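Q: First the structure, then my questions, so here it is.
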Amino acid sequence: MSIPTHGASRAPFACVSASAQSHSVSRRRSRFVSASAWCAALVGLAGGLAMPLSAAAKTSPPKPALDASAVAAPDGYSADTAQQIFAQGGNAVDAAVAMAFTLAVTRPDAGNLGGGGFMTLLVDGKPYFLDYRERAPQQATRDMYLDDKGNTVPGMSTIGHRAVAVPGTVDGMWEAQRRFGKLKWKQVLAPAIHYATDGFQVDARLQQRRDAAAQRFAGRTNFDAYFSNLKAGATLRQPELAQTLARLASDGGREFYEGRTAEQIVAQMYGHGLITKQDLGQYKALWREPLAADWRGYRVITAPPPGSGGIGLLQMLKMKAALQPAFDGLAPNSAPYIHLVAQIEDRVFADRQRYIGDPDATPVPVAKLLDDAYLAQRAAEVKPAEMPGAAPVAPAASSLAGAAAEKPQTTHFSVVDKWGNAVSNTYTLNGDFGSGVVVDGGGFLLNDAMDDFVVKPAGAGAAGSTGGAAASAASGSAPASQGTADAEPNTIAPGRRPISSMTPTLVLKNGKIALALGTPGGSRILTTIFQVMTNLYDFDMTPTDALAAMRFHHQLLPQKTIYFEPYHPAPAELAEQLKALGYTIEQQSFNGDVQMIRVDGTTPEPASDPRGGGVARVIR
């Protein structure tokens, strides 16, 4: 069946070819209508407010494929929102968009209007991927965060106006809902407007994050003017944000980029940041062809570039499969098991830094990076008896010196509806509360996504940088097209989208949804999802046990380092065994907040990570 949409006519969706990999889809975009008053917008939400896009005629509802819908959400308010949307007849896309706007109110540390993200969808049995990642402003330059000696200016790419990239979230939600949603646009914004107007109760976790952010932003942004009253147990009301959401509900998603809200953003940037009205007007969320690979009888659907996590996840799954004889008989999370996985991760993160960037700006050899022969060659480099660091992993570590440490403060939710549609959505402000800059009059925070670029390129100040291309070629393991790629494809350039580890993932069985999952965590995202998937499918754990199990993280740099977490620290014996293998053991505060839904039969099984404060709910 064809899910009805509401919206102006536009060109049909065109999948991206494997050769093009990521060209944008042309489509007609309706301009916003004139903004109405906030009160009129709120009144109109209940019923008759005219929409700029006429609602399409509704077809008879399809027969349910499942006996319930389900959500796995980072807080109870967003789960309540999904339940409300399903009660009104909405589908998974309606619920996901409504949840995203609700989280912009109830989780201002990560949920957002002023950030960006990725959405992986299954609609009527067809997979889709929506890239609404932020973009560098047109005035951005490669060395903009360096002083006259070529050193990074502390905090410039993370705090304040110059850290802000052009936001993509609102256009992403607008694009997804008007294409695949069943409800009217104003209906999916109504819950968020309610929470912004009437308030919600702040929990202790959110206050802790606010307190840490307030120290970081003190005297440098207007953060405290808006969030000083964010205290545990208090009711937080956000009237300016309510007005912004009401305008969006009335005038459509492009109002954010072309209307009063755009004017507020530009005014906030004036004299401090780089974003112009032209930057906002030119922003478009992009439909891209999702990555897909067969694994253990399933079809894994995940994020393409500029996402790095999707390629990394598929590489890890395929390399582990190629090394199965070495893994046979090893207990999960034993020292020999961790040692093998760490060697796989070395190669995944080396490829990430060398080859992955914005595919609209530089060629990304996706097909080669996921080629079975290439991954078998990479897997053959893994030596179970070899000490870590005994052999170099291409590219050379020198090319990684300027790589940014991607922040873990993101949020994710997963949705499956009774018709078998599914959404896995990860979005972010980058750091907790983004740049700390709140749009005056708009009431929403802006991202610090510019920090996700390589802010200090190798050879900064020179005409170009060579990175690790020679080392990669010399190793014999570089994809054949490496000579056409930038040595550092994630450097700052006008209009470019930074790479991201966000990895919203769907797993299909015989073309039907079997698993929806994702997590925040920066570079730990793909290693977390890999461990949860192998817990489920290699070790036959239940969803609850798969999420509660111990996790570890390793990447190419810092070398020979394994990270554990307070939730499930490494037992002393395991730590000593890893040290004997040559590893350094470090603690980190956070290793994922997975929101997952498994479908095995006709009843969805949602599960929320015990490390967070999320909610898993079956909705009938």
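Here the Cβ of each residue, glycine as well, is placed from N, Cα and C on the backbone.
Note that TrEMBL annotation is computational and uncurated.
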Q: According to TrEMBL, Arg133, Thr428, Leu429, Asn430, Asp452, Ser500, Ser501 bind L-glutamate; which of Gly150, Gly518, Gly522 is also listed for that site?
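A: Looking at Gly150, Gly518, Gly522, the one TrEMBL places in the L-glutamate site next to Arg133, Thr428, Leu429, Asn430, Asp452, Ser500, Ser501 is Gly522.
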Q: Can you see whether DSSP assigns Asn430 (L-glutamate binding site) to helix, strand or coil?
A: coil
Q: Indicate whether Thr410 (active site, nucleophile) is helix, strand or coil by DSSP.
A: strand
Q: Taking the Cβ of Ser501 (L-glutamate binding site) as the centre, how many other Cβ atoms fall within a 10 Å radius?
A: 29
